[in-house]
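Asks: This is the structure I want to talk about, given as structure tokens.
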Amino acid sequence: MTTYQNPQSVPAYPNPQYPTYPTNQNPSNGYAGAQQYQANRNSPIIYIHPNEPNRAENAQEPSFMRTDKNERKDFIKKVYALLTIQLAITTIFAGITVAVKPLRDGLILTYPLFWVCIFISIVLLIALFCSRRLSKKYPYNYIALFIFTLLESYIIAFICAYSEPLAVLAAAVMTLSITAGLTIYAWKTKKDFTLMGGLITVLIFSVFWFGIFMIFLYSTFLYLIYAFIVALIFGFYIVYDTQLIAGGRYNELTYDDYVIGALLLYIDIIGLFLIILSLFGNKRS
């Protein structure tokens, strides 16, 4: 708020002893001694603090704003550090499986364990999203995230064991490129994608029923349409979750949601990788 102070006091009403103006004339500059002021649009905003002198906004940023920015930066660093570790573990699992043929052949024989890991990972994922104590309290959140990452890494390695190495490599490179591009777009764009949570929910339910429909009437053409829509949804989710982490939008994650933030992006990237890998259709005999 811009504040001004009149250096001269002006009486609320004119003194009766003052001479009056002629009826056919109007005072041009107000009463004698009064000064007129007009606010300048370029005037600095003044923060009034009771225990310190006034200061302009462009002189020093308020401390609470600096603290908020620092906390958000630390939160973002923590999220992407956890995400990097998750992706590194998954890449190591998948890379070794694809590179070592005896290991690849042996992993295919662990088919029952594959479904057990899927079940446990789903239960753990629900627990992380529903339990505040588990997702936000150290060290339980790190332990749960590490276990979930190991389970998902085994699942990804098992799926990659059924694909040719070149197909896995191509899907990984394409996923990396798409994720990098969407992440940059999410940070740079002024459009708020966090307002579109309802639209994403509708798309997910639509794709779910489309997948149920394909069980009974499967065709290569329908699967290509299905996979393309699913890839779009995962790409949309990468932008959506990135803006939740970056903050400054209508919806955002709180500073103690770093595990949830890393988990969201990890699921988005893994889901995008799997759907792209399925599009190559290059299965190992």
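Note that Cβ sites are derived from N, Cα and C of the backbone, with glycine treated the same way.
What TrEMBL lists as region 'Disordered' is 1-34. TrEMBL lists 79-100, 112-130, 142-162, 168-187, 199-218, 224-246, 258-280 with the feature transmembrane segment.
Surface or core, plus neighbours and distances: that's what I need for these features.
Replies: Here the transmembrane segment (112-130) has long-range neighbours at 141, 144-145, 147-148, 151-152, 154-155, 158, 259-260, 263, 267, meaning same-chain residues at least 6 beyond its ends whose C-beta is under 8 angstroms from one of its own.
Residues 82, 85-86, 89-90, 92-94, 96-98, 104-105, 107-108, 110, 113-114, 117-118, 120-121, 124-125, 127-128, 134-135, 168, 259, 262-263, 266, 270, 273-274, 277, 283-284 of the same chain, all 6+ positions outside the transmembrane segment (142-162), place their C-beta atoms under 8 angstroms from a C-beta of that stretch.
Residues 226, 229-230, 233, 236-237, 240 of the same chain sit 6 or more residues outside the transmembrane segment (199-218) yet have a Cβ under 8 Å from a Cβ within it.
Beyond its flanks by at least six residues, the transmembrane segment (258-280) meets 75, 78-80, 82-83, 86-87, 90, 125, 128-129, 135-136, 141-142, 144-145, 148-149, 152, 156, 159-160, 163, 167-168, 170-172, 174-175, 178-179, 224, 227, 230-231, 234-235, 237-238, 241-242, 244-245 of its own chain at Cβ-Cβ distances under 8 Å.
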Asks: Which sequence-distant residues neighbour the transmembrane segment (79-100)? Criterion: at least 6 residues beyond either end, Cβ under 8 Å.
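Replies: Same-chain residues near the transmembrane segment (79-100) but 6 or more away: 107, 145, 149-150, 152-154, 156-158, 160-161, 163, 165, 168-169, 172, 245, 258-259, 261-262, 265-266, 269-270.
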Asks: Excluding the flanking five residues on each side, which residues at least 6 beyond the ends of the transmembrane segment (168-187) place their CB within less than 8 Å of a CB in that stretch?
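Replies: Here the qualifying positions are 91, 94, 98, 160, 193, 235, 238-239, 242-243, 246, 269, 272-273, 276-277, 280.
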